[in-house]
Amino acid sequence: MRYAEVAVLVRARAVDRLFDYLVPEGMELFAGDAVEVPFGAQRVEGYVLALKDHAQDDSVSYRAITQKLSGQRPPLTKDLIELLDFMRKRYFCTWAAAVSTVLPPVIRSPGKRYYQLDRQWVALHGTQDADADLIAGLDKVFTKKARLAEATLLEKGFSRALLTRFVRQGCLTLELGGSTVSRRSEIWVNAVPDAALNRVRSAHKRELLILLQEKGAPQRYAELLEQGLVTSEMIRSLKAQGLVQVISKPVNESGEETEKRLALTEEQRAAVASIVELIDAKKHETILLQGVTGSGKTEVYLQAIERALQKGLQALVMVPEIALTTQIVARFRRRFGSRVAVLHSRMSERERRHQFASIYEGVADVVVGARSAVFAPLDRLGLLVIDEEHEATYKQDRDPRYVAREIAAWRAARANAPLILGSATPSLEVMYRVESGRYTKRMLKERATGRPLPEVRIVDMRQEMKMNQQGLLSRALRDALKDSFEHQEQAVLLLNRRGFSSFLLCRECGETLTCPHCDVTLTVHRTPEHTLLCHFCNYRAPLRDTCPACGGGRMRTFGAGTQQLEQEVLSWFPNVRVLRMDVDTTAGVGTHEQILSAFSKGEADVLLGTQMIAKGHDFSRVSLVGVVAADAALHVPDFRSAERTFQLLVQVAGRAGRHGREGRVVIQTFAPDHYAIQAAAAQDYEQFYRTELPLRRRLEYPPFTEIAQFIVTHDEESKAREGAQQLHHLLEASLKGCERVQLLSAAPAVVGRIRGAYRYQVVVKYHSFRAVSKRLREAFDQAVAVCGNGVSLHVDINSWMTL
Ligand SMILES: Nc1ncnc2c1ncn2[C@@H]1O[C@H](COP(=O)(O)OP(=O)(O)OP(=O)(O)O)[C@@H](O)[C@H]1O
Ligand SMILES: [Zn+2]
Ligand SMILES: [Zn+2]
């Protein structure tokens, strides 16, 4: 008897365990396969995590699996199966939630598999190959039909492993669920140096050889064929005589030849060398690649990946938000052609299916993608890269709230592969790990193009207010815009309105109000009564008009929209062309790309928008960057607000002057002396880090502690609050006697209400996850059990952003 240990896709926490099922006689089943099983009176989908000869309890008679759902390949690879367990323990999620997160629904059901033979490939490679007999055999089977079902080929004695290998080599094309999986390449021929012409009898062949020798470089087979200069038979026999070489070069989707690597700068070369050393040694290590904006980190990734591919290994590259990073994907495609698969959340189902198929079949061995790509089914990982490591988008904001960086680290360690974290502005967590010796660091201090970093100027908005300048644009920023337009250059204007909260800011001295216990900004809370509130610990204070610092009477809520900014720009410069990028203008699929590509083609003079314009773009004609209100980022009620502000300002500044004239940056702020703004203006990471770290230490924030944030929601405010208080009691009881743990009072969450549901939070700070995880989990499970109907509980471990 064989048994399967199955994770069933039933969400209820009450049945969150693995179930044993009998494997019916004759069912070919592997760990990782999708199955249908009886569950109560229903039939449900499940995943086989292990196969075994004995069930948990031999005296029980187990029910049998009713059906196998997956096709040839188990959708869950071996390391993904193990990852499920890690996710459950780390993010307190159920088996079902872990499986659903790791595997998007579209890839579970298999399609029928058909193959086509590439005759040109066979004609040119066939007979010389070590596989000559097998290829000749395939050729014969395919004579009558252009397309054969997999079952037919298996019947004829070709094994699956063989078919897969031929797909990877380019000899076969696989058709799966309406899309074609193939490794696109183009065939080139070249004369062997000093090929002895006298050995060639046929005049045609001799002509061809002379032509190739005269050219002295490989020629496209397709072109020679068009010109009537070759037949496949000619090439085959010349190849057999050792007079020509047949080369297949990878091409990209549109058939263009893949691009050559760039000659590296000295710094890049050293970085690539240290990564290559790890790849060769199959050694896991995490390397922080800290490179200033425009230092050419991407080229370092590309060349390191090339090495992994040469060794038959795969690479995974994570980018913060794929819709915003079309440029980077295009570069990967230009370099590695159809070996690149792209995964992100905005793809059509059909496209996603296609991308997954090419990964499973091994045709794509470089995966580039956003957060969820961290689960790509790669079983020969040789290198993992997280670009812009510091970005908040690597944190999943729904359950299970995983951090892609943690998952990548887990997979890299398991695969004995290096993990590269790239950033101009590394997160404090990562830099702290570098300092404590857990990660190594490689620096790129110069821009790869040799351009200098832009010059940054801070404008004190308090002075502007005194001069009775009421608008969003200071005089300095207006002058800079005018200068940029006069030189026919482009400008980027950033107005970030991150978060949903508002805060009070003194228009005369720039003061804001912070929590005396947590040092985060107090936000204006409108329900049930108007108060100032700390979302961390529930401290409250009354609203006020007068400033506690300067005594002025102009404490006002802060915030302006991008539309308002657009109007103001147009009122000063009626003839300039403005593109606006924010949540309103980017709702549709592909709209990001459209706006960005219009801007990079020079169809507008100004791009203005929220933080989505700050990241990663490489625009060649931008010489001016203006930050309209740096304070909006500074006063997000989050202990990371200074860090986020510094990162945002350095990143957006980095868009200026990457190629042409020297860049200029204008930062407008009510807090010109704030250390985050000062360090950003100097583009000095070290200066920022040295100031921020002691503050974190004093207040016991990450990287010195870790934070678990529990969220309780309900349609009625009182129920949500009571639920949070109940959870607080349970946590108190279960954490009793634990050292160095802080449990904060239940408080309204920063986003107090989403889609009608009220949200309360309870925060726990601790030093060691290992020491508290069981206790946290226990309290959480109890709270789930005792909380009434309609209350839902979420947990956010190591909250990346306290939202
Ligand atoms: N070795 C090189 N020689 C010449 N140009 C290079 C070299 N390496 C990179 N570049 C060019 O430098 C520019 C910046 O490179 P890239 O976009 O990779 O920088 P980055 O470090 O990712 O910057 P950011 O962090 O600002 O996104 C690109 O236009 C790239 O083509
Ligand atoms: Zn004041
Ligand atoms: Zn507080």
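Glycine is no exception: its Cβ is also placed from the backbone N, Cα and C atoms.
TrEMBL lists 278-444 with the feature domain 'Helicase ATP-binding'. Mean pLDDT of the predicted structure over the domain 'Helicase ATP-binding' (278-444): 91.
Marked as Zn(2+) 1 binding site by TrEMBL: C506, C509, C547, C550. Under DSSP, C509 (Zn(2+) 1 binding site) is assigned to coil, being neither helix nor strand in the three-state scheme.
For the recorded site, C534 (Zn(2+) 2 binding site), the DSSP three-state label reads coil. Long-range C-beta contacts of C534 (Zn(2+) 2 binding site), restricted to its own chain and to partners at least six residues apart, with a cutoff below 8 Å, comprise C515, H517, C518, V520, L522, R540, P637, A747. Summarising the annotation, TrEMBL assigns Zn(2+) 2 binding site to C515, C518, C534, C537.
Among the features that TrEMBL reports, domain 'Helicase C-terminal' is placed at 542-707.
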C550 (Zn(2+) 1 binding site) in three-state DSSP notation: coil
Of C509, C515, C518, C534, C537, C547, binding-site residues neighbouring ligand 2, Cβ under 6 A: C509, C547
Site of maximum Cβ density within 10 Å, from binding-site residues C506, C509, C518, C537, C547: C506
Remaining residues near the recorded Zn(2+) 2 site, that is with C-beta within 8 Å of the centroid of the site residues C515, C518, C534, C537: P516, H517, D519, V520, L522, H535, F536, N538, Y539
For C550 (Zn(2+) 1 binding site), the number of other Cβ atoms found within 10 Å of its own Cβ: 15
All-chain count of other Cβ atoms within 10 Å of C515 (Zn(2+) 2 binding site): 21
8 Å Cβ shell about C506, C509, C547, C550 centroid, Zn(2+) 1 site members excluded: R507, E508, G510, E511, P548, A549, G551, G552, R554, M555
Distance-selected binding-site residues near ligand 3 (C-beta under 6 Å), from C506, C509, C515, C518, C547: C515, C518
C537 (Zn(2+) 2 binding site) and C547 (Zn(2+) 1 binding site), Cα-Cα, nearest whole angstrom: 23
